[in-house]
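Per TrEMBL, the feature transmembrane segment maps to 20-38, 44-66, 87-105, 125-146, 158-179, 185-208.
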C-alpha cells in the first residue's frame, strides 16, 4: 500500500480549488445581496463611477506626459511611467463603462442617447459632450494599443496626432461631469478642479522641458 499523503493530479487540484473558490464567491455574493450591499454599491456607482473615470483618465494624461520627459527621467523611469499610463487608462475605461452602464440601468439616460451624440431630449449638448468624450477615449485607447501599426516616421506622426485626441476628450469629459445631471457635490467639484490644475501643471512642465531641449 502506498504511504504518505495522497496527491491529486495537478489538473484535478486546480479544478477542486476552482470549485471551492467559486462556491465561496457565490456564498459571499448571496450574503452581500441579502445585506443590501449591492444597492449601496449601485448608489455609489451611480454618482461615483463617472468621477472615478475622470480622475483615472486625468492621471492617465499626466503619466502619459511624464513618460515623454527626457530630462528628469531615465529610460527605466519612462518605461515605468508608460506602464502606469496604460494601467490607469484601462482602469479609467472600466469606470467609464460602469458609468454608462449604471446610468442606462437606472433609466437616467437611454441606450440610444448614450450611443448617439446630442440625441438626449433633456440635455442634448451636455450628454452629447459626454458621448463624444467616451468615443474619443476609446479611439485613443485603440490607437495606443496598435502603436506598432504606426511604425515609421510618417505613420508615427499620425499616431501622435490621434493620441493627442485625449486632450479634447478630457476637456469634454470635464464639462460633462460638472454640468450634466444633478449639481455636482462640493467634493466632486473640488476633485474636478484638482484634475484641471494637475493636468495644466503636467502640460506646462512638458512644454517647458521641450523649450529647454530646443534651447540646447
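Just so it is clear, glycine is given a Cβ too, placed from its N, Cα and C backbone atoms.
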Closest-packing stretch to the transmembrane segment (158-179), where packing means Cβ pairs under 8 Å, from 44-66, 87-105, 125-146, 185-208: 125-146
Close approaches to the transmembrane segment (125-146) from elsewhere in its chain (Cβ under 8 angstroms; 6 or more beyond its ends): 57, 86, 89-90, 92-93, 96, 100, 109, 113-119, 159, 162-163, 165-166, 168-170, 172-173, 175-177, 179-180
Distant-in-sequence neighbours of the transmembrane segment (44-66), which means Cβ under 8 A and at least six residues beyond its ends: 73, 81-82, 84-85, 88-89, 91-93, 95-96, 98-99, 102-103, 106, 108, 137, 166-167, 169-170, 173-174, 177, 182, 185, 188, 191-192, 195, 198-199, 202-203, 205-206
